[in-house]
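The signal peptide feature in Swiss-Prot is assigned to 1-18. Taken from Swiss-Prot, the feature N-linked glycosylation site applies to ASN45, ASN106, ASN120, ASN242, ASN295, ASN351, ASN419, ASN699. Residues annotated as domain 'FAD-binding PCMH-type' in Swiss-Prot: 60-231.
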Amino acid sequence: MRFLGIAAVATFSTVVSAYPKSTALYNCVSSVFGPSAPQRIVTPNDTTYLDSRLGETIQFDELPVLLAYAQESKEIAPLIRCAKTAGIKAVPRAGGHSFEAYSALNGTLIIDIAHLNYVNVSDDRQTAVVGAGIRLGALYTALSEHGTSFIGGICPTVGLAGFLGSGGFNMQQRSQGLAVEHVLAAKVVLADGRTVVASPDTNPDLFFAIRGGGGGTYGIVVEFTLSLTSIPRSAMLMLSWNDTASRFPAAKQYLDWAPKQIPEFMSQINVYRDKVQVLGWYYGGTEDELRSLVNASGLLDIGKPAVVIAGGCNTDNARAFGYTTMECLPDGKVDVSILNVVPDPFSKVGNSTQFKWNEVPKSTSMPVADPWQRFHRMSKSFFVLKDNPLTDQTLQSLLDRIASLDAKSQVWGEWHAWNISTPSKGSGNAFAWREKAYAHLEFQIHGAPDDKERQSTYENWLEDLESYLRPTVGGASYSGYLDADISTDPLTSYYGGNVCKLVSVKRKTENDYSSSTVEQLFIDSDVNARKITSRYPIPPPDKSIKTEDITLQDCWVRIYTPPSATSSGSVAVFIHGGGWIMGSPDIEDATCRRICRCSGMTVVSVGYRLAPKFQFPTGLNDCVRATLWTLGHFPVSALVIMGGSAGANLAFGVALKLVDAGLGEKVKGVLALVPATVHPDAVPADKRDQYTAMHENANNTVNTLAAMDCFLDAYAAPPHDKYFSVLLHPRLKDLKKVYLVECGTDTLRDDARLMRDALEEAGVPLMYDAYPGYPHYFWSYPSPVLAEASESFHENMLQALAWLDQE
């Protein structure tokens, strides 16, 4: 493979030279490991570095400074101290299955815990204490020798800690619940080196967070206490259609039928370019019961499917079904060696040297599992929620997209039925979508890193899929399949309504190191917002507009100047959105250019300081300062103040501050796109029956109820402050003109409506545009489905801006 040559060596050398403390770090880690250190430490200069840093997924961008393979939990805290002394981050790795290689980040110390894989089963076989780094196949193999098992996932090489950190999606979950519901306790090493127990009674918030709230986020889990299960004999299903004509009717019927079946039946449909397949596990069911279920499904009436229905399958059969066997064999005859994985179970990469150390399987009475094949994995994850099912048109489009790729892509959709109706077991956990998900859609491609043209085609395909499907189904995604290119806020997409609680847990577990890490969660969202808008500039940016960035006191502005021939001489101040916690003038760059060109106005876009580091009223004061600077910098007597979402809230706040300062005549009008106008806790009592959108549209838009809660918590504005809850300001009547925009499926829909009513009552000249059925900020979505409505929005906005600008 081409990347194993001189370029790779040069890159590794760069890693070493970029971190002069790497020698000190190596010495520190060596002192922790003792005599076995040379066998358990990998540096960029070692021939095993490529193999060691990759994990399962072949990737090229993540180059850690050093990798340390722990064998005892007592080594973890000293390793964290080594990283802190060297001034770098310590990153835990269990299975190494992160599709984005987030378990092997640049410039970090990787603490690999795959050799923390002990299994101690209680005498009554009801519980087991296990090392958190054990791989699922090894766990099942060890438990099988005790005649018991664990409610876990399919892939044998996935590490337990990462699996449970994501929630524990499994093929028994519709009746038995997610894997995290079968965790009784854990031991966690925190950032300050303390090892604590997390359970329902001890550190319950931490126990909540580590189960579904993101692996490696709150500390390094080194041990789990699991509740074990004797899995009953079950019935297994495989249906296969090898013709393209059956793909749509089979997929449609499956999605209509499978999630609605009894909880004991868990299944998936695999959609390929030219065929489709259904796999199912009837937990505790008989062959006759499963056959009756399938006969009533309508699936057998579609085309000519090959049908396999097997009963009496023991646990080994069930776990191997669809992998090494397509039937249920007599006990003891099934080959379950696929589960007998070693701590480092992956295949070689090209001719590179593999890292091997203490690769001992859990069973010596069967062959060791064949190496798990690595490839350049490309993936997308979408939850379909119960209240927003796929339409036939959307389903057909997805099938057409899969069929459009070449055979080398090995593209497929792995779609699972969810609709979990059984009560949650154990104490609450951080997985956000258990009760809401109807189905999960995963799309996978084998990348082509050695073929730039094909790789570009695949990247564009996934990008287009994201832009098409995300606005349709929403942001909900499975955190086990993290996606750097997700087009929604990743925090709320993966953790839903639990984000703020998880941030609070993060603060506690980081102890004295909390502020930088908590802010990083929000900074990551900010970076994601900028990345999305730079990749999908809607409308296309007009490069003919000249720009200049100017730094003011504690903030900055970007000035957009129209060509002299088209200049109107007017000025508008634009304030970007982003929940007061993310964004910059960059995310509205294309919009500001369009306004400048089409209106002839000079646009001054404000870069204000963001929460949670800078809470209310810091950002507002920055915007006031920038507006006053604009009035003094340009030869105008008045200007328009405009913004979107949180930016619209700030625009109202600035205008009303100027009104109270006796400068109201300086503001021609306010243009407020989907504004936040009142804190939910400050809605007047007589208006509460009109303020229902927060819950009606809780999951129908990017700014979900959970996201809004998090934004409000981070910004920390007093609910009744008249410059935040601008609806309550007593001098609304002194605003000259206002333009408001409402989106019908927005959590902020009623903020706009209540503000409209208040302005009309105050006698303020008003223009109001409503977009029923459209989500928050829909005009910025990179979706052809929304293109016509987006263009209409921009035309209406420009007309309103011209009206506001008139004296």
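Backbone N, Cα and C atoms are what each Cβ position is placed from, and that goes for glycine too.
All features noted in Swiss-Prot, drawn onto the structure.
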residue	record	DSSP class
ASN45	N-linked glycosylation site	coil
ASN106	N-linked glycosylation site	coil
ASN120	N-linked glycosylation site	strand
ASN242	N-linked glycosylation site	coil
ASN295	N-linked glycosylation site	helix
ASN351	N-linked glycosylation site	coil
ASN419	N-linked glycosylation site	coil
ASN699	N-linked glycosylation site	coil
Spatially closest candidate among ASN45, ASN120, ASN351, the listed glycosylation sites, to ASN419 (N-linked glycosylation site) (Cα to Cα): ASN120
Integer Cα-Cα distance in angstrom, ASN120 (N-linked glycosylation site) to ASN106 (N-linked glycosylation site): 35
From glycosylation sites ASN45, ASN106, ASN351, the one whose Cα lies nearest ASN699 (N-linked glycosylation site): ASN106
Entry from the glycosylation sites list ASN106, ASN120, ASN242, ASN295, ASN699 having the most other CB atoms no farther than 10 A: ASN699
Predicted model, mean pLDDT over the domain 'FAD-binding PCMH-type' (60-231): 94
ASN295 (N-linked glycosylation site) and ASN106 (N-linked glycosylation site), Cα-Cα, nearest whole angstrom: 53
Candidate nearest ASN295 (N-linked glycosylation site) in space, where candidates are the glycosylation sites ASN45, ASN242, ASN351 and distance is Cα-Cα: ASN242
Among ASN45, ASN351, ASN419 [glycosylation sites], residue with fewest other Cβ within 10 Å: ASN351
